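Colleague: Straight out of Swiss-Prot:
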- 20, 69, 100, 161, 265, 266, 267: GTP binding site (BINDING)
- 27, 31, 34: [4Fe-4S] cluster 1 binding site (BINDING)
- 33, 73, 124, 195: S-adenosyl-L-methionine binding site (BINDING)
- 260, 263, 277: [4Fe-4S] cluster 2 binding site (BINDING)
- 11-236: domain 'Radical SAM core' (DOMAIN)
């Protein structure tokens, strides 16, 4: 394996080479598992500027980061996002620049993003029923999202992945249809267990929880699943479909099969806090460092390195228990 003498290694000897960066807390959807319907967003002066986001990305890549994922909120509602993507994609040593989107803006931005150097897209799709999609997203238009998915394919994106958060009693009866949709378009699809982030009112998390094992068992009734050793440098575990060579089915299972032992990532919130673990509040304020010491990459690098001693071995998510993390997913970076 390629080694970088400046690589980031945490206290449990895990190499940190994957950074997830939230570029905005704003979104044109209000998904029931992600944020409150009347969400109050941060004032502009409290969030990182595009230049500050780039400076953090640049420093992480210099320290051995090989994959960066831009998230939100919805990253494509941030003005200047395409130019930011182009600057980050050009950083020497970065292998992948990925972006997670709800798909609503891809009809107009898929081609510019591809041309800017974004290598892969993840697109959220929790239902193929227009009414249910509207219920789950509160404001989303299914036809617009599907048009965005198709625009991404036409732009030239490969290995585009659909993300589906599975909620028992709300969309779990659509699992097979969602896989068939992915097969038709030669997409990957990942089913995600809901994470206990933020206080929500639309459903009781303990009652809506659907484990990855249950999802996989249902899919196995319709498809031949072959376990794969492939990795996307993230937490998903993949299965191949004997019936469809161009589609992989993944599972992200923070509850039933936590992936902490091999965790290789940290997250930057839009307000500049470096989160060492999705399931803990341990963080370091990089915005303060950036603004107190402008143009000083050495101070930023020291803050990043010093933060690693805060990274815990694992999270302690519990199904149906009290909400352990009060921040919403749109604040964390979905």
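Every residue gets a Cβ built from N, Cα and C, even glycine.
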Colleague: Within 10 angstroms of the C-beta of residue 100 (GTP binding site), what count of other C-beta atoms is obtained when all protein chains are considered?
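Modeller: Its Cβ has 21 other Cβ atoms within 10 Å.
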Colleague: Here are some binding-site residues: 34, 263, 277. Which one has the most Cβ atoms within 10 Å of its Cβ?
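Modeller: Buried the deepest by this measure is 34.
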Colleague: Of the binding-site residues 20, 69, 124, 195, which one sits closest to residue 31 ([4Fe-4S] cluster 1 binding site) when you measure Cα to Cα?
Modeller: 124
Colleague: Averaged over the domain 'Radical SAM core' (11-236), what pLDDT does the prediction give?
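Modeller: Average per-residue pLDDT within the domain 'Radical SAM core' (11-236): 93.
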Colleague: Around the C-beta of residue 31 ([4Fe-4S] cluster 1 binding site), how many further C-beta atoms are within 10 angstroms, looking at every protein chain?
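Modeller: For residue 31 ([4Fe-4S] cluster 1 binding site), the 10 Å Cβ neighbour count is 21.
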Colleague: Select the most exposed residue of 27, 195, 260, 266, where exposure means the fewest other Cβ atoms within 10 Å, treating these as the binding-site residues.
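Modeller: Output over binding-site residues 27, 195, 260, 266: least Cβ neighbours within 10 Å is 260.
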Colleague: Rounded to a whole angstrom, what is the C-alpha distance between residue 20 (GTP binding site) and residue 277 ([4Fe-4S] cluster 2 binding site)?
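Modeller: Between the Cα atoms of residue 20 (GTP binding site) and residue 277 ([4Fe-4S] cluster 2 binding site), the distance comes to 11 Å.
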Colleague: Using the alpha carbons only, what distance in Å do you get between residue 260 ([4Fe-4S] cluster 2 binding site) and residue 161 (GTP binding site) once rounded?
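Modeller: Approximately 22 Å lies between the Cα of residue 260 ([4Fe-4S] cluster 2 binding site) and that of residue 161 (GTP binding site).
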Colleague: Near residue 265 (GTP binding site), which binding-site residues out of 27, 34, 195, 277 have their CA within 10 Å?
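Modeller: Near residue 265 (GTP binding site) by Cα: 277.
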Colleague: Look up residue 34 ([4Fe-4S] cluster 1 binding site) in the DSSP assignment and report helix, strand or coil.
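Modeller: Coil, per DSSP.
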Colleague: With every protein chain in view, what's the tally of Cβ atoms within 10 Å of the Cβ of residue 33 (S-adenosyl-L-methionine binding site), excluding that atom itself?
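Modeller: Result for residue 33 (S-adenosyl-L-methionine binding site): 23 neighbouring Cβ atoms inside 10 Å.
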Colleague: Three states by DSSP: which one describes residue 195 (S-adenosyl-L-methionine binding site)?
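Modeller: SS state of residue 195 (S-adenosyl-L-methionine binding site) = coil.
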